[in-house]
Amino acid sequence: MSPQTETKASVGFKAGVKDYKLTYYTPDYETLDTDILAAFRVTPQPGVPAEEAGAAVAAESSTGTWTTVWTDGLTSLDRYKGRCYHIEPVAGDENQYICYVAYPLDLFEEGSVTNMFTSIVGNVFGFKALRALRLEDLRIPVAYIKTFLGPPHGIQVERDKLNKYGRPLLGCTIKPKLGLSAKNYGRAVYECLRGGLDFTKDDENVNSQPFMRWRDRFLFCAEAINKAQAETGEIKGHYLNATAGTCEEMIKRAVFARELGVPIVMHDYITGGFTANTSLAHYCRDNGLLLHIHRAMHAVIDRQKNHGMHFRVLAKALRLSGGDHIHSGTVVGKLEGERDITLGFVDLLRDDFTEKDRSRGIYFTQSWVSTPGVLPVASGGIHVWHMPALTEIFGDDSVLQFGGGTLGHPWGNAPGAVANRVALEACVQARNEGRDLAREGNTIIREACKWSPELAAACEVWKEIKFEFQAMDTID
């Protein structure tokens with residue numbers, strides 16, 4: 001034996017497999033202000049105790065592996081290991097638990113959402129001892145938040161750039177999302193902006209396809225923006241999707257957008273990846289571009305109640321990585337979103353400090369230490385009859401985005417935009433006068449129809465349209 005081997009043997013190394021809970025379940029641990037805290041919904045395999053399951057999550061997402069290894073003795077596990085410090089049963093489910101895990105800050109690279117997720121939600125989600133695993137929430141410590149630059153500009157700077165205050169911003173996704181030529185696409189952008197919208201938007205899968213290459217789209221949209229601004233006297237924008245197959249190509253598209261003088265670009269941050277998103281956010285900050293974020297592919301990760309990752313975690317990650325807008329669901333439209341849970345992560349996007357509130361799905365108190373806020377974007381299956389509810393639910397600091405609810409107007413795109421702008425202005429005025437939007441919403445819209453034939457036509461088209469399905473994402 002070499003002296004090194006003898007030394008290891010003398011301190012008690014014993015080959016083999018031991019229970020995770022012996023090392024990683026520490027119910028007496030007092031969490032530190034610098035720890036990253038995670039709340040996991042854990043469903044163990046039959047026969048696996050909750051303590052062992054929670055400890056396995058802590059181990060496999062930090063320093064642990066399936067067997068004892070010699071090199072454990074070459075570092076301080078007590079300094080670097082994750083710890084399952086609390087377990088609580090889920091009401092109504094005999095074999096499901098919320099397991100709380102604390103991770104030392106030294107486990108994570110500064111300013112890297114990619115590294116944070118690689119550790120916390122990496123291989124552990126395929127662990128055989130677990131039937132299902134879902135990351136419900138994270139507490140990001142102040143010390144780690146300050147290593148990120150966050151959103152390129154934030155809510156107040158965006159309002160100052162646009163010179164628009166006291167109401168939600170109004171947008172529209174151009175439809176059909178695929179198949180239009182660049183010139184016809186630009187025409188639709190112009191008509192919507194001229195009609196009164198603040199923004200129009202590329203859909204998430206509009207990149208650079210044979211029917212419309214990105215450079216042509218950027219040119220025609222920039223022309224539409226300039227023409228609409230000249231006619232209305234308002235600052236306008238179109239979310240030019242810079243998402244591409246490589247980071248280099250993505251930045252090239254953002255550079256061209258800046259050269260055209262447009263105010264905002266867009267990125268699909270989940271499909272594009274957090275490394276690409278953070279790079280684009282840094283470029284936008286340095287070059288005066290706003291950054292709109294689409295969450296395409298999020299439901300693959302967050303739709304199932306028992307497995308995956310809740311969107312509130314993805315929302316926090318986006319605020320770290322960088323984005324000025326992000327899609328958040330509508331509560332009232334065609335896409336998933338229960339009211340209290342949606343408003344919970346909307347507050348996490350906008351507010352500087354959010355208290356723990358399990359009734360809204362918030363597991364930890366979170367401080368953002370002056371990191372700029374992100375505007376939530378309500379988009380998907382909404383129309384003029386939804387305007388009072390959207391104004392009441394999301395408030396002024398939001399973007400309300402009507403795609404089919406603008407372009408589906410029987411008189412055309414510009415009248416569709418007029419209808420939405422009139423409905424929004426009517427709701428904001430009624431709210432400012434002290435009227436109850438939740439109770440009087442339909443009356444407010446009908447009153448506005450008397451002096452807006454465009455709104456009256458829109459109300460007639462969509463008076464029967466509802467999306468009444470039960471949300472999957474509910475409080476336990």
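Placed from the backbone N, Cα and C atoms, the Cβ positions cover glycine too.
Copied over from Swiss-Prot:
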- PRO3: N-acetylproline (MOD_RES)
- ASN123, THR173, LYS177, ARG295, HIS327, SER379: substrate binding site (BINDING)
- LYS175: active site, proton acceptor (ACT_SITE)
- LYS201: N6-carboxylysine (MOD_RES)
- HIS294: active site, proton acceptor (ACT_SITE)
- LYS334: site 'Transition state stabilizer' (SITE)
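The structure, with features from Swiss-Prot marked on it.
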residue: ASN123; record: substrate binding site; DSSP (3 states): helix
residue: THR173; record: substrate binding site; DSSP (3 states): strand
residue: LYS201; record: N6-carboxylysine; DSSP (3 states): strand
residue: HIS294; record: active site, proton acceptor; DSSP (3 states): strand
residue: HIS327; record: substrate binding site; DSSP (3 states): strand
residue: SER379; record: substrate binding site; DSSP (3 states): strand
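Contacts of HIS294 (active site, proton acceptor) defined by a Cβ separation under 8 A and a same-chain sequence distance of 6+ are given as GLU204, ASN241, MET266, HIS267, ASP268, TYR269, ILE326, HIS327, in order along the sequence. Put simply, of the binding-site residues ASN123, ARG295, SER379, the one whose Cα is nearest the Cα of the residue listed as 'N6-carboxylysine' is SER379. Residues ASN123, THR173, LYS177, ARG295, HIS327, SER379, recorded as contacting substrate, have a largest CA-CA distance of 37 Å.
Here the binding-site residues are LYS177, ARG295, HIS327; the one with the fewest Cβ atoms within 10 Å of its Cβ is LYS177. Here the binding-site residues are ASN123, THR173; the one with the fewest Cβ atoms within 10 Å of its Cβ is ASN123. Sequence-distant neighbours of LYS175 (active site, proton acceptor): residues of the same chain at least 6 apart with a C-beta under 8 Å from its C-beta are ASP203, GLY403, GLY404, LEU407. Cβ neighbour counts within 10 Å, taken over all protein chains shown, single out LYS201 as the most crowded of the recorded positions LYS201, SER379.
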